[in-house]
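*Asks:* Here it is: the structure, laid out below.
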Amino acid sequence: MDQKGVFYAALSYFLWGVLPVYWKMIDHVPSGEILANRIFWSFVFMAALIAFSGKLPAWKETVMGFRKRPERGIALAAASFILSVNWFIFIWAVNHGHVVESSLGYYINPLISIVLGILVLKEKLNGAQVLSVLLASAGVLVLTVSYGQFPWISMGLALTFGVYGLLKKMVNVDSSVGLAVETMTVCPFAIGYILYLIFHKESSFSVHSLSTDLFLILTGPATALPLLFFAKGAQRISMFMLGILQYIAPTLMLLLGVFFYHEPFTAVHFWAFLFIWTALAIVVLSQSRGTGLFERKPLSR
């Protein structure tokens, strides 16, 4: 096992897991403004990184390649907007006291990816995967029935990130180049919104404090660095190990929400999470055993 690969992948998931702490530090800034700054400064950071790391030719090749294969450009543009929606939901949820519900969304995400694989890529489920999807659905149903409303935050995060991952799989570009192109695609909208706020004197930049300004600027590195660590780790370790490590992030979010931000974690939450944790355990076992109930069937694409 490549220890450096495990370290980089675990570090990326750790940083994603503690990201709510970062957003909480600027929760006095409206979520839409945080999103606009995150997009803008992420593009600035990634553009500088690509320029200094020698990946500018790869970036140009990717952009120019969209002329020959416009469907790739459309898919990446769609991924850009889907990712922006995911970012907004997460920022809004964290800064409005829904860290626990956010963590549930990222626990559900791998199971949503399984469902998308069936619907879009025509993949076939084995017995373990069918059982895991049913258990996860039961967990969502428990929350819906108990609280009288659908868990929109959790499912919104899971669905948007699942669709984003599916689109990225269809395009298959270098992670850093991909993020640069994605943020470039939505950057005009972000700049337009920032200028609108400045023009109407509603901008938080240069208003609250120097620390607020710095935190808004550093949303760029805070977004890009975990992705770069993830890409470096993913190249060195197996998909199975990567699948295990991905649960670091939602687990940290759950712990932060319950013990640090004192969000409610009722018996209903426990049972919903238990259904989903059980579903995830079954998926992990199915990937590690490969016999009987856990036998993997060939995929049809």
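Note that Cβ sites are derived from N, Cα and C of the backbone, with glycine treated the same way.
So TrEMBL says this about it:
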DOMAIN    4-144  domain 'EamA'
TRANSMEM  5-23  transmembrane segment
TRANSMEM  35-52  transmembrane segment
TRANSMEM  73-92  transmembrane segment
TRANSMEM  104-121  transmembrane segment
TRANSMEM  128-144  transmembrane segment
TRANSMEM  150-167  transmembrane segment
DOMAIN    155-284  domain 'EamA'
TRANSMEM  179-199  transmembrane segment
TRANSMEM  214-231  transmembrane segment
TRANSMEM  243-262  transmembrane segment
TRANSMEM  268-286  transmembrane segment
*Asks:* Could you please provide the mean pLDDT value for the domain 'EamA' (155-284)?
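*Replies:* Over the domain 'EamA' (155-284), the predicted model scores a mean pLDDT of 87.
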*Asks:* In the domain 'EamA' (4-144), how many residues does DSSP put in helix, strand and coil?
*Replies:* 122 helix, 0 strand, 19 coil
*Asks:* Summarise the domain 'EamA' (155-284) by DSSP state, stating how many residues are helix, strand and coil.
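*Replies:* Taking each residue of the domain 'EamA' (155-284) in turn, the totals are 104 helix, 0 strand, 26 coil.
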